Amino acid sequence: MDAKIPPLTPFKKPSGTSLLILLILLLGLLCLGFAQILDLSSISLSLLFPLAVSAICSAILGYVVVPVLRRLKAGQVIQEDGPQTHLKKAGTPTMGGIFFVPVAVIIALIWSKLDPAVLAVSIVTLAYMGIGWIDDWQILRQKSNKGLTPRMKLILQIAIAVGFCIWTFLTQSADLTNIALPGQIILPLGLFFWIIAGFVLVAESNATNLTDGVDGLAGGTGSLAFLGLAALMASNNPGLMIFCACMSGGCLGFIVHNRNPATVFMGDTGSLALGGSLGAIGILSGHVWGLFLVSGIFFVESLSVIAQVSYYKATKGPDGKGKRLLKMAPLHHHLELSGWAETQIVGLFYLINAGLAVLAVISS
């Protein structure tokens, strides 16, 4: 009998609580590190206070909302063709985005004294949350994994993106269309910028949605991404800095309930809101390059799906079947089927995203 070779994984399997502690430490270290990188001694407290308040409020509210979702039987429907280990998660409450996203938005609006930029981004965030809620509700009603049709969801996402781009075009400086790249390179895009802006909003919301497939993954990486953007806002946009810090804290508070084994999932209600929010902030602040870096995990997850589908279609034979690059897309499912534990994947992605946040601040 052949000996079984254990799967190659980067480190021992951590617990969900260990990952929560890791996330808290990473966020704290990033706050301190950003103060040194940007030479702004006050930035640490400016980031930590709204982050902590939002995290605590979201975590506390979760203890009220999660039992309500459970009583309403708002349980997640698990895809049968997904990883078999996920079948045991069937029935776990979903739509968790309804408690941590509004909390973060409300705290940000109050803290920033209804800053116009924060108000605009808040509207986009809640609008994308609304799309996600409709999708989640349809799934729960039909007791299947099919909510809004992909076409209808895309139409709604594009409509919000167009509305936001029109508002930004009418209210912001024309200099916004010049994208700053590393090495003091300025890329003047003119009207083409708005096509990219619309694409970024839609793509970012879908990318975070794809990443939300493992306990603690989308919320934790989202928290780190928002904190990276917050640091980029520190010198010239305190309102958006506060908003990003609050969203980072909201995600952290959600992880209290979503860490492995999760007692609630954010659903499309949360994941679409996170992506739409990140995209809107990156566009409105002019930090498109920084957005690309802090969203590196989301980008790779999306790219893995695109590559999987494209390769399958390109290699399709007479029998209608093609070949697959990955065992399953997105990438986190491929790693699961390769023998990685969920918590190993999440821990590694947290560390990578923290590094990307630092890189974004250094290179912007």
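Each residue, glycine too, has its Cβ placed from N, Cα and C.
Pulled from Swiss-Prot, these are the features on record:
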type: TRANSMEM; residues: 18-38; note: transmembrane segment
type: TRANSMEM; residues: 48-68; note: transmembrane segment
type: TRANSMEM; residues: 91-111; note: transmembrane segment
type: TRANSMEM; residues: 114-134; note: transmembrane segment
type: TRANSMEM; residues: 154-174; note: transmembrane segment
type: TRANSMEM; residues: 183-203; note: transmembrane segment
type: TRANSMEM; residues: 214-234; note: transmembrane segment
type: TRANSMEM; residues: 237-257; note: transmembrane segment
type: TRANSMEM; residues: 280-300; note: transmembrane segment
type: TRANSMEM; residues: 343-363; note: transmembrane segment
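Between the transmembrane segment (214-234) and the transmembrane segment (183-203) there are fewer than 3 Cβ pairs closer than 8 Å, counting only residues 6 or more apart in sequence, so the two stretches are not in contact.
The transmembrane segment (237-257) makes contact with the transmembrane segment (114-134), as judged by at least three Cβ pairs under 8 Å among residues 6 or more apart in sequence.
Most Cβ pairs under 8 A with the transmembrane segment (91-111) among the ranges 18-38, 48-68, 154-174, 183-203, 280-300 are made by 48-68. Of the Cβ pairs linking the transmembrane segment (280-300) with the transmembrane segment (18-38) and spaced 6 or more residues apart, fewer than 3 are under 8 Å, so the two regions do not touch.
Through the fold, the transmembrane segment (48-68) approaches residues 27-28, 31, 93, 96, 98-100, 103-104, 107-108, 111, 227, 242, 245-250, 252-254, 256-257, 263-264 of its own chain, all at least 6 residues removed from its boundaries and within a Cβ separation under 8 Å. When each of the listed stretches 18-38, 114-134, 154-174, 343-363 is scored by C-beta pairs under 8 angstroms to the transmembrane segment (183-203), 154-174 comes out highest. Residues of the same chain lying 6 or more positions beyond the ends of the transmembrane segment (154-174) and with a Cβ under 8 Å from any Cβ of it are 116, 120, 124, 127-128, 131, 148, 194, 197-198, 201-202, 205-206, 272, 276, 279-280, 283-284.
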